[in-house]
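*Asks:* Please read through the structure below; I'll follow up with questions.
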């Protein structure tokens, strides 16, 4: 069994890494070999080992297969901005062939590979292209992470619509409560369950420092494994 999924978000800061970690933890509980892959990350810190992005480091730690950082995050861009701006600032060209080569490598070594996106679905990686082009090229099934807050319904439904229009398979979604004060939470979830028309993998409650916690209990990984 080898499965790969792309983790998309309705926007930046909606909890893609939190949801990815939760899914990785749930899969680890089933004794599966997992790898978290962050092809492009904008916003990295200089370390003695080189540039490191905190989200990519969280994925590296949550996975069950040990992988060198450079293979988890081939493009660790310094500037915390849209990837196309950060890449231009550093005079870097994001090469889809590199992303595909790393993905193929991960597929050989894991039962499940989670590929975490950057920003939202149409995030630019150059002046003329978006990361979604590469996702379409790889024909990756998509899991949508919805940060539950005011405005998320429109963002979620629009993103799901575009993913499907791009010819990709939206296989599930995760609710991540990013604001503990969001009103009408249950009603928002009900609407998303009705309108997204794909399985909900789980609901992650608001948890301070969630990226540092074990989140597997909030995810039903069987939905992905049965695909």
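Backbone N, Cα and C define each Cβ position, glycine as well.
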*Asks:* Out of 45, 55, 95, 139, which one does Swiss-Prot list together with 17, 116 for Mg(2+)?
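*Replies:* As annotated by Swiss-Prot, 17, 116 share the Mg(2+) site with 55, chosen from 45, 55, 95, 139.
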*Asks:* So of all those binding-site residues, 13, 117, 206, which one's Cα sits nearest to residue 38 (active site)?
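*Replies:* Comparing Cα positions, the closest of these binding-site residues turns out to be 117.
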*Asks:* Taking every protein chain shown into account, which of the recorded positions 38, 177 has the largest tally of Cβ atoms within 10 Å of its Cβ?
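*Replies:* Most Cβ neighbours within 10 Å: 38.
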*Asks:* I'm trying to understand the geometry here, so how far is the Cα atom of residue 55 (ATP binding site) from the Cα atom of residue 116 (Mg(2+) binding site), in Å to the nearest whole number?
*Replies:* 9
